[in-house]
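J.: Relevant sequence annotations retrieved from TrEMBL are reproduced here:
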- Lys13, Ser173, Asp174: ATP binding site (BINDING)
- Ser54, Asp141, Asn153: substrate binding site (BINDING)
- 279-361: domain 'PUA' (DOMAIN)
Amino acid sequence: MAILTEARRVVVKIGSALLVDRATGALRTDWLEAISEDIHALKARGADVVLVSSGSIALGRVILKLRMTQLALEQSQAAAAVGQISLARAWQQALAPHGLTAAQILVTLEDSADRRRYLNMRATMDTLLGFGVVPIVNENDTVATDEIRYGDNDRLAAQVAVTVGADLLVLLSDVDGLYTGNPNSDPEARRLDVVTEITPQIEAMAGDAGSGLSKGGMKTKVMAAKTATASGCAMIISHGAEMHPLRRLTEGAPFTLFTPHLDPHAARKRWIAAMKPQGTLRVDDGAARALAAGKSLLPAGLRTVEGDFGRGEPVTIRTLAGQTLGQGLTRYTAAEARAIAGHHSSEIEQILGYPGRAVLIHRDDMAV
Ligand SMILES: Nc1ncnc2c1ncn2[C@@H]1O[C@H](COP(=O)(O)OP(=O)(O)O)[C@@H](O)[C@H]1O
Ligand SMILES: N[C@@H](CCC(=O)OP(=O)(O)O)C(=O)O
């Protein structure tokens, strides 16, 4: 499948039912080892890989010997805290023989809603991927209560894909795609190969989860597809239970593809350009030339700062003569920007009293 062999940055979401044996509650170590080989193959051809792994509650409840009935929220949170350690260790052990280092990232819904935290996560993810690390993301279930939680990792995975600018999100599930109805109850249901637009009819096809271990069902997968494709990320739903589920995708295994609307880069620029600016940065001619050449904005080119804004907020970039050059997300507050205006990046720590980022607005956070 071309899309998987060509994608530069891939997020793979792995549902609880794949990681944990339903009968015994044990971790499927052989499956983890097999998919780790697939991940190694993806990375070996130059792709960045981020995993969104469920399974902490399913593992934790077995360790705590909780009954297989519905858990109260506090019990799921406790189970997640216990299970997450095993989950992270299992990934670490499965990836290590391939020379791959795992990193654990636990996030809540609020982390993606808050622009500063979102930008921090983006920067950390970029750094990890630059080191060749495989970030393993899960919801921080122990602190996320009902109102502030995703509750399912499908939408979390889509948010992660948008945050890291992935061009492909693969949801590995216990079903090989989106069917016209729930295939467990509707014998007439047939799988769709491609979805180019998420219409109300498509949404109506998606039902709830079938297995006791899982959360979202097809509903949250279709919601995830909306988020991902609107940000330029293609999404695939495929069956993951067999060994080597990613390799199998390249060998003709069935799936449903949701096609993206834009490329991730263009989608991000459009998102930034659509925000309401909270201030204005006036820059010199040298900075204007650098921006036109696709470079980041450095404090050295900044002349004046108007307005009051926090880190991560959108600001307009103008020349001293008043010509608008673009808009971007600033990595410094208005007060900090005033203090470092005209100064070299190497002087930032001395001026502010703490180390900061070298750039004021990174080129990826700017629509010119
Ligand atoms: N239209 C549909 N097409 C496919 N599966 C569906 C559909 N509607 C509901 N489902 C159910 O969704 C399940 C997959 O979601 P879920 O159990 O949450 O998996 P995961 O643990 O991978 O997130 C399927 O096994 C099936 O029972
Ligand atoms: N954060 C939860 C994941 C919940 C979830 O989305 O499960 P699933 O539907 O199996 O992907 C956990 O680790 O158990």
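Just so you know, glycine gets a Cβ as well, placed from its N, Cα and C.
Given the structure is predicted, the values throughout are model-derived calculations rather than measurements.
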J.: Report the same-chain neighbours of Lys13 (ATP binding site): residues 6+ apart in sequence with Cβ closer than 8 Å to its Cβ, ordered by sequence.
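T.: Same-chain residues close to Lys13 (ATP binding site) (Cβ under 8 Å, separated by 6 or more) are Leu51, Val52, Ser53, Ser54, Asn153, Asp154, Ala157, Leu169, Val170, Leu171, Leu172.
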J.: Report, in whole Å, the straight Cα-to-Cα distance of Asp141 (substrate binding site) from Ser173 (ATP binding site).
T.: 21
J.: Roughly how many Å separate the Cα of Asp174 (ATP binding site) from that of Asp141 (substrate binding site), to the nearest whole number?
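T.: Rounded to a whole number, the Cα-Cα distance is 23 Å.
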J.: Give the subset of the binding-site residues Lys13, Asn153, Ser173, Asp174 lying near ligand 2, defined as CB under 6 A from any of its atoms.
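T.: Among the binding-site residues listed, those whose Cβ sits under 6 Å from ligand 2 are Asn153.
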J.: For the binding-site residues Lys13, Asp141, Asn153, which sit with their CB under 6 angstroms from an atom of ligand 1?
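T.: Going through Lys13, Asp141, Asn153 in sequence order, none turns out to be close to ligand 1.
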J.: Whole number in angstrom, please: the longest C-alpha to C-alpha distance across Ser54, Asp141, Asn153 for substrate.
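T.: Of all Cα pairs among the recorded substrate binders, the widest measures 11 Å.
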J.: List the same-chain residues at least 6 positions away in sequence whose Cβ sits under 8 Å from the Cβ of Asp141 (substrate binding site), in sequence order, or say none.
T.: Ser56, Ile57, Ser76, Gln77, Ala80, Ala81, Gln84, Arg149
J.: What does DSSP give as the helix, strand and coil breakdown of the domain 'PUA' (279-361)?
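T.: Helix, strand, coil within the domain 'PUA' (279-361): 26 helix, 25 strand, 32 coil.
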J.: Sort Lys13 (ATP binding site) into helix, strand or coil using the DSSP assignment.
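T.: The three-state answer is strand.
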